[in-house]
Ligand code: GLV
């Protein structure tokens, strides 16, 4: 039987250790209020130090079985805890070069213009739109959950002429529908979400890149929730711009976001008439910072998240050791195991077509008669376990269970099923 993420006794032991450390711990900090009271008359500051910061940090251990962030393996946490080096030191450039190779592997691309954003998946989303679209240009966005809504809003804010194709959460777009919309709106950019975490849908990708090529439009794909859990082939599938986030199946802490642009995308973004609206996300600077512009020297642009890059490098190393195909297979198997358990509990999977389900984030319809917030709160209180409700248009429609990366184990699926069964037994059926 496979190892659980952490056993209940390990969890309790770690909590007890943390509490003990807090008791014998930082005497200086606990003594500080007294010193401050004595010194107040001599102090030049009128705003006192906040008393909350004189208490030790508390971050409980939780089973993160929602759509992310997910629990991070000890190897990655240890990498993140290594001593800081300068963001422009040669060793850092080497780490960034390693990361770039890792991202090329997980995206299955040979694109030279492959970097990592200092920020969450939203940073990559904004970077993609800000650099490839100019004000007044047409952008087509497929919306079947929250991420299309976000991209449409971002593109509108920078002055694009946005066209929306909308389906209810859980819906998907046929290639015929996509081609008709591309023909009609003649966008410079078409956006599609591969892993729609708000609905638990994994969108089919084959043929979409060919349609975009045929109609001279760039294809931008969001794989934040799917990368590492479901197959995606950036080069083979003719995806022009692809991004992901660090905190889902990649298993690094939140805060870094890989993104890659192919030659078609570079052609468009480096031949624009106007400067991108964001300095921080301007690819002319970022491509130099990541050593992708062929210049002999990298010039200071911003201070990258050094520890976040250490963690990301380690998570990419783990995925490289394991292999993408093995990771896809594992996610599929554990998801199938979870589906069976959910059905045995009498629950209904939100996406009826098995092939369209996102293996990293499973959605169930809210069981009839239950208040979803009560079920989630019960599991948090009694099982220290996070699952979440819907997001954006799927709020009130689904409960989301994420078993990704490090958390993707059948034993964790058992724990999630046990917590759900307990919640169903103990929460009131208020709307029966
Ligand atoms: C965030 O990415 C979510 O799906 O909740």
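A Cβ is built for glycine as well, from the same backbone N, Cα and C atoms used for every other residue.
Here TrEMBL flags 63-409 as domain 'Aminotransferase class V'. The feature N6-(pyridoxal phosphate)lysine is assigned by TrEMBL to 248. Feature annotation from TrEMBL assigns substrate binding site to 400.
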Local backbone state of residue 400 (substrate binding site), from DSSP in three classes: strand
Within its own chain, what residues at least 6 apart in sequence put their Cβ under 8 Å from the Cβ of residue 400 (substrate binding site), listed in sequence order? 66, 67, 197, 198, 200, 361, 362, 363, 387, 388, 389, 390, 391
For residue 248 (N6-(pyridoxal phosphate)lysine), which residues of its chain lie six or more apart in sequence with Cβ-Cβ distance below 8 Å? 67, 68, 69, 70, 197, 224, 225, 227, 228, 229, 360, 402, 404, 405
Over the domain 'Aminotransferase class V' (63-409), work out the mean pLDDT and round it to an integer. 97
